[in-house]
Amino acid sequence: MSSSEEGESANPSPCPAGPAAAAAVAGAAGVGVGAAAWPRRRCRDVFWLVVFLLHLLVFGGALALTGLNRFGQADRFNIDRFTNLTAAPRFAGSPEPAREAPPPPSLEAEEVTPKSELTESYWPYYGAAGAVGTALAWAWLAAAAGKKDGGRVVMRAAVHSLTAYLAVVSVLCFWGKHFFWGVAFAVGGALHFLYVMSVLDRFPFTMLVLQKAVRMVWELPDVMRIAYAFVLVMLCWMALWSFGVSGILAFHIPNGGQWWALLIFSVSLFWTGAVLSNTVHVIVSGMVFLVLIHGGQAAASMPPKPLLKSLQYAVTTSFGSICYGSLFTAAIRTLRWEIRGIRSKIGNNECLLCCVDFLFHIVETLVRFFNKYAYVQIAINGQSFNRSARDAWELFQSTGVEALVAYDCSGAVLLMSTILGGLITGTCTGVWTYFKQSDKAIMVGSTSMLMGMILVGVTVVVVESAVTSIYICYAEDPRLIQRWDPDFFDQMSEALHQRLQYRSARAHQILNSRLDQLPNTSISKNYRCSTFVQRDI
């Protein structure tokens with residue numbers, strides 16, 4: 001690979017240097033990679049590893065403090081005095097408000113604390129959210145990767161159910177007199193419907209890729225066990241997170257301070273969940289790449305204990321790169337999907353097309369350094385995140401596979417499954433909270449939705465990592481896919497040919513339309529003549 005030739009030869013991959021060499025070694029009699037020792041790797045992106053660990057330490061302590069502050073006793077650590085810092089300021093020269101005499105102490109008042117001011121009043125709601133999210137995550141993985149035709153089930157459930165469920169949640173919000181959230185979910189449902197309609201012609205190819213990725217995961221049951229284990233690890237962190245958030249809900253902060261505190265802790269939870277999901281991504285990508293390189297899990301050339309070694313590299317030398325990429329990749333991917341969907345349906349509106357193209361080029365520049373295919377390169381070569389992302393994107397562009405990657409909507413479909421799982425979790429918890437404490441229903445429901453999305457996302461990433469590994473292998477050496485599934489190789493090659501033809505025709509059309517707006521110069525005439533000659537040939 002080009003990345004392994006440019007100064008990082010100290011970190012060779014656990015398989016041979018390239019796919020062709022790996023295939024040759026795998027077919028050689030009596031010689032296998034399994035006999036060789038696993039190479040040693042250097043730690044990458046150590047700064048972001050330290051930042052993530054410090055983030056866990058700081059936020060873990062803050063969560064424990066806020067949860068214990070109102071667990072069994074209101075304001076155990078006397079934190080309420082800091083709420084005056086967010087109150088409305090008093091200007092200089094204004095008279096101080098008259099202080100009322102404190103009421104006489106009452107033993108009954110000291111012993112009785114309202115339940116709404118205690119942590120244990122809200123913690124059971126998050127316990128239910130964790131249980132629902134875990135059940136949905138395990139059920140999704142069992143339904144998707146537990147059988148060969150799971151890709152069809154995943155796609156139909158995600159595409160057809162999400163718009164309807166968003167409409168149902170919007171109606172529930174209007175019924176509970178939460179008009180802002182009702183409008184937000186209604187707009188989300190409308191945008192999802194428009195996006196589905198704009199990429200409807202891509203779904204046959206997307207379903208093909210998902211079915212093959214599910215088949216790959218189905219042939220590797222060990223990676224499914226890894227996903228189940230990481231869901232439990234995420235659930236342990238969520239127990240502490242929900243304990244602290246319950247203390248925030250019981251802690252009255254004026255001027256919308258509760259929402260700001262929930263936002264900060266939600267960003268922390270999102271980053272932690274993304275790190276765990278991408279750790280699973282690296283583990284599964286390494287396994288899938290090795291299987292495709294060596295021609296099967298039972299091949300004699302397979303390295304010893306490949307799953308354990310992939311896990312070891314993911315949580316040690318490559319963990320800093322995973323922490324770094326998890327901060328930005330998800331947001332950039334989502335923005336890119338939306339811009340691509342809008343761009344394909346603009347038509348001949350030159351002004352709008354110019355604005356969208358400007359945004360599109362900015363996002364494409366970011367994608368060059370932050371993309372999900374970097375995790376496959378990290379699993380293979382152990383490089384830094386930006387180096388891996390750049391190598392993967394240059395590989396796609398040099399081989400033309402980028403046209404096929406842009407046409408595929410499997411990532412968007414899997415994201416729909418993640419959002420649907422979060423919506424179901426948030427709805428179940430929010431409805432229960434509404435009948436118990438209606439004023440906290442939106443806060444509990446929205447944070448529970450985030451918990452459900454993260455738990456389901458840890459299992460969804462298993463299929464997504466198989467998709468990314470298939471594309472990397474096809475770009476590196478198409479013969480790897482041909483050896484694994486000849487029919488799939490033929491279908492991918494035909495789709496790539498069609499996409500390259502479509503891009504070439506679209507580029508000619510755009511260039512001709514711009515030349516038509518220019519005066520009849522000799523350059524424009526010569527270009528049109530050469531275009532007509534090429535078409536005739």
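Backbone N, Cα and C atoms are what each Cβ position is placed from, and that goes for glycine too.
If you look up TrEMBL, you'll see 89-113 marked as region 'Disordered'.
As annotated by TrEMBL, transmembrane segment applies to 20-39 (among others).
Look at TrEMBL and you will find 46-68 (among others) tagged as transmembrane segment. Sequence-distant contacts of the transmembrane segment (46-68) (same chain, six or more residues past either end, CB-CB distance under 8 Å): 76-77, 79, 119, 240-241, 243-248, 251, 265, 268, 271-272, 275, 319-321, 323-324, 327.
Annotation comment: TrEMBL describes 123-145 (among others) as transmembrane segment. Long-range contacts of the transmembrane segment (123-145) within the same chain: residues 151, 153-154, 214, 217-218, 224, 227-228, 231, 235, 238-239, 242-243, 245-246, 417, 421-422, 424-426, 428-429, 432-433, 444, 447-448, 451-452, 454-456, 458-460, 462-463, each at least 6 residues beyond the stretch ends and with a Cβ under 8 Å from a Cβ of the stretch.
Summarising the annotation, TrEMBL assigns transmembrane segment to 157-177 (among others).
The feature transmembrane segment is assigned by TrEMBL to 183-205 (among others).
Cβ atoms under 8 Å from those of the transmembrane segment (226-253) belong to residues 60, 62-71, 74, 79-80, 83, 86, 116-123, 125-127, 129-130, 134, 137-138, 141, 261-262, 265, 268-269, 272-273, 276-277, 279-280, 283-284, 307, 311, 440, 443-444, 447, 451, 454-455, 458-459, 461-462 of the same chain, restricted to positions at least 6 beyond its ends. The transmembrane segment annotation in TrEMBL covers 226-253 (among others).
What TrEMBL lists as transmembrane segment is 259-276 (among others).
What TrEMBL lists as transmembrane segment is 283-301 (among others).
Annotation comment: TrEMBL describes 313-335 (among others) as transmembrane segment.
TrEMBL lists 412-435 (among others) with the feature transmembrane segment.
Look at TrEMBL and you will find 441-474 (among others) tagged as transmembrane segment.
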With pairs restricted to those 6 or more apart in sequence, evaluate whether the transmembrane segment (259-276) and the transmembrane segment (441-474) have 3+ C-beta pairs under 8 Å.
yes
What stretch in 157-177, 412-435, 441-474 has the biggest tally of Cβ pairs under 8 Å against the transmembrane segment (283-301)?
441-474
If we skip the immediate neighbours and take only residues 6+ beyond the ends of the transmembrane segment (441-474), which ones have a Cβ under 8 Å from one of its Cβ atoms?
19, 122, 125-126, 129-130, 132-134, 136-138, 140-141, 144-145, 151, 154, 176, 178, 181, 209-210, 212-214, 216-217, 223-224, 227-228, 230-231, 234-235, 238, 242, 245, 249, 258-259, 262, 266, 269-270, 273, 276-278, 280-282, 284-285, 288-289, 292-293, 372-373, 375-377, 392, 395-396, 401, 404-405, 408, 410-411, 414, 417-419, 421-431, 433-434, 480-481, 492
For the transmembrane segment (412-435), give me same-chain residues lying six or more residues beyond its boundaries with a C-beta closer than 8 angstroms to one of its C-beta atoms, as numbers and ranges.
125-126, 128-129, 132-133, 136-137, 140, 154-155, 157-159, 161-162, 165-166, 168-169, 172, 176, 192, 195, 199, 206, 210, 334, 337, 441-442, 444-446, 448-457, 460, 463-464
